[in-house]
Amino acid sequence: MKTVGMSKLQQLDVFIGTNTKIGRLILPVGTETEFSFIYEDEWKHTGFPISPHIPFDDRASPRSIENYLRNLLPEKKAFEEMIQNTTRYLNSLIKKC
C-alpha cells in the first residue's frame, strides 16, 4: 500500500508475461469502485493499450476499468469477493496502526 498525501492507495503492479510490467491498477482505500490505471512509460512507447476503453492518456473512467476487470473473471461474484476481501484486509491493517 502506498500513501499519497493523506490518501492511502491500494496498488497492484500489472504484468504481461513474467517480467514485463505494463502499469499499475490503483484503488483508494475505503472505496470499491474508484479505479484508476497508469501505464508504465516504457510500455506506452513499445506496447499497446490493454483495452480501447483504457487508453494511454490515463483518462479512462473508473467504470471502464471496473468493467474491464469484471470481464477478466469468470463470475461477477468472484470480482465482488476479491474487492471486499482486499478492502476488509487493508482496513483491518489501518486500524492496527
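Using the three backbone atoms N, Cα and C, a Cβ is placed for every residue, glycine included.
Just so you know, TrEMBL annotations never went through curation; they're auto-generated.
TrEMBL annotations:
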DOMAIN    13-85  domain 'HipA N-terminal subdomain 1'
Local confidence of the prediction over the domain 'HipA N-terminal subdomain 1' (13-85), expressed as mean pLDDT: 88
If you run through the domain 'HipA N-terminal subdomain 1' (13-85) with DSSP, how many residues end up as helix, strand and coil? 27 helix, 19 strand, 27 coil
